[in-house]
Amino acid sequence: MNDPKVIVALDFADAAAALAFAGRVSPNQCRLKVGKELFTTAGPHLVEALVAKGFDVFLDLKFHDIPHTVAQACKAAARLGVWMVNVHASGGRKMMETTRDALEALPQRPLLIAVTVLTSMDEAQLAELGLPEPAAQVERLARLTRDCGLDGVVCSAQEASLLRGVCGPEFKLVTPGIRPADASVDDQHRIMTPDAAIRAGSDYLVIGRPITQSADPVATLDRINQSLELL
Ligand SMILES: O=c1ccn([C@@H]2O[C@H](COP(=O)(O)O)[C@@H](O)[C@H]2O)c(=O)[nH]1
């Protein structure tokens, strides 16, 4: 598989557990995501170690701060050799454009995407924040992200077909909240199965616990990949 669709979320408590998983899979089977828990405990060295093993690494730190701070943080991420990095679209136009410009000045840059609405959020939680229902808020932030020249967004697969129409074929749609039919939903709300997500227009599926907490993580990953090959 040259372009694996599955990005495994390495939400492990320490570097040893993350490296043990990475030692059991190959860069042809999946990409890897390092998020807040693992980065806070294991830091940049772990990211560099995964990159050195040949994996495409998505550094999922969801930066959200003033423009200069976010741009510098994303440049620091680029120096680690990561494949993809992200910010929160709700940080606004100036933040996204400043970060895009900072990365475009580099000889080699990671993909830059923006989080729209977290997949754990439902309509009631958004209403509490004074925001419209998920699809409307996701579309608004995705349009802004595209206008700022970023490469794509994080959204739920439930919004993928809408955004594919609005943002075009090249715009990357990275979708967490993926749940095989027999998996626990956990704290996710806007979910979809792996094959339905790809059919809806997702480019990449972020999958954590359904793989990493399963009895046989490699077999689960293989099963998901096989279900996608049939499409
Ligand atoms: O909207 C978002 C953005 C990021 N995530 C991250 O994806 C994984 C999902 O893990 P699961 O175990 O498959 O639920 C996790 O690292 C989140 O931080 C997201 O879920 N939703």
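The backbone N, Cα and C atoms fix where each Cβ goes, and this holds for glycine too.
Predicted automatically and left uncurated, TrEMBL annotations should be read as such.
Database features, via TrEMBL:
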| type | residues | note |
| --- | --- | --- |
| ACT_SITE | K62 | active site, proton donor |
| BINDING | D11, K33, 60-69, T119, R179, Q188, 208-209 | substrate binding site |
| DOMAIN | 5-224 | domain 'Orotidine 5'-phosphate decarboxylase' |
Which same-chain residues, if any, lie at least 6 apart from D11 (substrate binding site) yet have Cβ under 8 Å of it: G35, E37, L38, G208, R209, T212
Neighbour count (Cβ, 10 Å) for T119 (substrate binding site): 25
Where the C-beta lies under 6 angstroms from ligand 1, the matching recorded positions among L61, K62, H64, P67, T119: T119
DSSP three-state assignment (helix, strand or coil) for P67 (substrate binding site): helix
Secondary-structure category, per DSSP, in which L61 (substrate binding site) falls: strand
Those residues of the chain, 6+ apart, with a Cβ under 8 Å from that of P67 (substrate binding site): G91, K94, M95, E97, T98, T99
Under 8 Å by Cβ from H64 (substrate binding site), same chain, sequence gap 6 or more: V70, V87, H88, S90, G91, M95
Cα-to-Cα gap, K62 (active site, proton donor) vs T119 (substrate binding site), nearest whole Å: 13
Count of other CB atoms lying within 10 Å of the CB belonging to the residue listed as 'active site, proton donor': 16
Fewest other Cβ within 10 angstroms of its own Cβ, chosen from the binding-site residues L61, G208: L61
Overall pLDDT of the domain 'Orotidine 5'-phosphate decarboxylase' (5-224), taken as the mean: 98
